[in-house]
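Per TrEMBL, the features are:
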type	residues	note
COILED	53-87	coiled coil
TRANSMEM	14-37	transmembrane segment
Amino acid sequence: MKNINIQDFLKNKIIGYSIITAASITFIYLLISIFFINHLFFNTTINGIDVSLKTYEEAQDTLKESINEYKLKIVQRDEKIEELLAQDIELKFNENNSVLNIKKIQASLKWGRSLFKKQDYYINDLVSYDNNKLLKKIQELDCLK
């Protein structure tokens, strides 16, 4: 087997620069991956709400705030507008939701693909509401009378 002298090998500038560049890119990628252990990826939405680059706790707060401010605006043919508010149907953020399951799906080393691909998630157990109040509010809508 032929002995390779590392100093001679590194004297070739192109190879030396290539190794340094590849090592630097790998190191930077791994550092960014550490950030994404506790943060959501770029271009991430949960139930239509943008939570990109937020920690999981910040995402929960953002979702909770959006749900509390939720309003369904119904525009009728004659341009009359009716609104259904979160309070009207007791729409509430479910604290025991499965947002943390996204952490398992978004493995931190896969963050690079989020630069080019949108990460859309839908969580069924994100909210709860009073079905009876919803039905009552629907019946009270002028557009259905």
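Including glycine, each Cβ sits where the backbone N, Cα and C put it.
All TrEMBL annotations are machine predictions without curation.
Note that the coordinates shown come from a computational prediction; the quantities given were computed from them, not determined experimentally.
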Margin query: So if I exclude everything within five residues of the ends of the transmembrane segment (14-37), which remaining residues of that chain have a CB under 8 angstroms from its CBs? That is, six or more out.
Written below: 106, 108-109, 111-112
Checklist line | pLDDT averaged over every residue in the coiled coil (53-87) | finding: 92
